[in-house]
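Single-structure report; data block below.
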Amino acid sequence: MDFFKQVDPEKSMYRTTPQGVEFMLMKQDKQWWGRLVEQEKRPGFLKVDFDKWRDEGDSESEAEEEKAKRLEAYRQESLKKFEEEMKEEMESRAAIKYLKTWWLFAYNFFQFMGYSFIFFSCVIRYMMYHRDSFKNTWEFTGQMVITCQLMSFLEYVHAEVGLVNSKPLFPLLQTLGRNFILFMVIYPEELMYPLPVVTYLFTTWSCIEVVRYIFRFRYPFYLFNLIGKENLPAKVFKVSQWLRYTIWIPLYPLGFLLEAYCIFTAVPYYERSNKFSYQFDKVRFHYPLMMKLYLMMLAAGGTMLMKYMVRQRRRKAAVKRGKERERATQEKAAAHQHID
């Protein structure tokens, strides 16, 4: 019998049944046959098993189904990969947040303890020895003041890299200003160490910073929950927040005045010792003159910092009033709902 196209005799099979002989033919080439045999009219003894018959439309339908399955498999694989990437990203963010929280806690705790040591050392020693305590202030607190003030440069770094939500300019100005007084006015001249203004200045600086770093303990407040004092963080935060934006009102101007007085006091010492004053051919650098010029910069920087603190205080007050109005509105709505 001549078929429509060539068949593969090795792969083709047949079997005998009570109804007749069944053939399963394997085409040699994968292409559609228009009919089974070569002649147009099929012999009468041949019958086609239509249950297994497939036409071109069925093949297209199967191809579409196969394509849909592949697309669904690709979609599921992409979704699984996306979920894994999101999980890794969330874990990475959680790890970064964890490190950020603990770094800020460690830094703030160190600064808080350092400035607390300076503050209480100055206050307690003055209460015990009165004016006699001035001559040993630098001996007891000088190294700690130097350490804390050098660490204060990290305030600028934290703001610059986004670890804290604040502008980097103002921490930088404050740190540079204080470090100029400390390293360029007080530290190089030992005759400044026993002066009362140094003790007063260290006490003022440390008082400001103790309050500020207490306020910054908001980062690890959840630690209090570990010891069962759930309400303590909120109370401490509210008190420290009020102090943070209130105590600067008397202390910042006092600090600027003490810094200016330090410079006025130090100018005669540097004029006599000629420290940091140099002669370059016909040009002479007179350091005491630069110290006097710095006073104008101190006035400008102090004014800028005070304005910044005023804006911060107003912004915090506005946020607090907004929250109180929102809470009052919610309570009023809840009361009306309860009545209804």
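We number each residue from 1, going along the chain as drawn.
Placed from the backbone N, Cα and C atoms, the Cβ positions cover glycine too.
Annotated features, as they stand in TrEMBL:
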type	residues	note
TRANSMEM	102-128	transmembrane segment
TRANSMEM	193-215	transmembrane segment
TRANSMEM	245-269	transmembrane segment
TRANSMEM	289-310	transmembrane segment
REGION	319-340	region 'Disordered'
COMPBIAS	321-340	compositional bias 'Basic and acidic residues'
Chain residues outside the transmembrane segment (245-269) and at least six past its termini with a C-beta under 8 angstroms from it: 177-178, 181, 185-186, 189, 191-192, 195, 197-198, 200-201, 204-205, 207-208, 211, 288, 291-292, 294-295, 298-299, 302, 305-306, 309, 312-313, 316-317
Same-chain residue ranges lying at least 6 outside the transmembrane segment (289-310) that approach it to Cβ under 8 Å: 170, 173-174, 177, 180, 185, 245, 248, 252-253, 256, 259-260, 263, 266-267, 270
